[in-house]
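Report on one structure; see the data block that follows.
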Amino acid sequence: MNGEEQYYAATQLYKDSCAFQRGPAPEFSAGPPACLYMGRQPPPPPPHPFPGALGALEQGSPPDISPYEVPPLADDPAVAHLHHHLPAQLALPHPPAGPFPEGAEPGVLEEPNRVQLPFPWMKSTKAHXWKGQWAGGAYAAEPEENKRTRTAYTRAQLLELEKEFLFNKYISRPRRVELAVMLNLTERHIKIWFQNRRMKWKKEEDKKRGGGTAVGGGGVAEPEQDCAVTSGEELLALPPPPPPGGAVPPAAPVAAREGRLPPGLSASPQPSSVAPRRPQEPR
């Protein structure tokens, strides 16, 4: 056998192998029945993942040898299983884009058991009065907030605390423990009560001091006395006013000798009206 015959034998063997590969693919019965596909059109098969490699194979193959044919993907049992489930998923309704269904406003959907009420702190003027009345779970009071609630002391408790504060402005630890047990309170309550009571007492004391100073400093000033009268001795040295008859008081000579007569009186006073002497008759 020469070389030409060997070439033709190898070419014929290669053609037979390619023809075997080009043969129809066997049909598989693993796919679903045809009745399930009635009225449903499956999507087209995806493109080949390696189109460049297939084109290179077509270009590099001999002219008398056709390229390898890829069997249809629909005959693959895995692809048929995918087609069986894909239409069912496409038939499901699409979920809404937002958290609320179409035609519904955001404020309409609410929990049926939740009562819609305004803010609790807007319903009462007291800071902590709403905590005991509010039953909503969303606005339930926290454990930390319960510590800040105001303690309501009874009259008996206030009486004992006031009596203790009257004797001691600052309470000691043993006495505080004793009062807490006796009044059914905590040490913290008694400590805070004494702190507040001391602040109130200090404010009252400051107010009293400020009021006394204002009253003492704001009094009406007494009128000043005459400059001529400065002591009680000068008042005694001054003579009484003269009688209407023009007689000189007896204290005038004494005052004249001492040189302390007032300017209105002279040293030798003369009566205002002196009777004329009668001439003596000759005997």
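Placement of Cβ uses the backbone N, Cα and C atoms for every residue, glycine included.
Annotation comment: Swiss-Prot describes 13-73 as region 'Transactivation domain'. Annotation comment: Swiss-Prot describes 146-205 as DNA-binding region. Taken from Swiss-Prot, the feature phosphothreonine covers Thr151, and the record attributes it to similarity to another entry. Under the heading phosphoserine, Swiss-Prot lists Ser268.
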Please count the residues of the DNA-binding region (146-205) that DSSP assigns to helix (H, G, I), strand (E, B) and coil.
44 helix, 0 strand, 16 coil
The residue listed as 'phosphothreonine', number of other Cβ atoms within 10 Å:
11
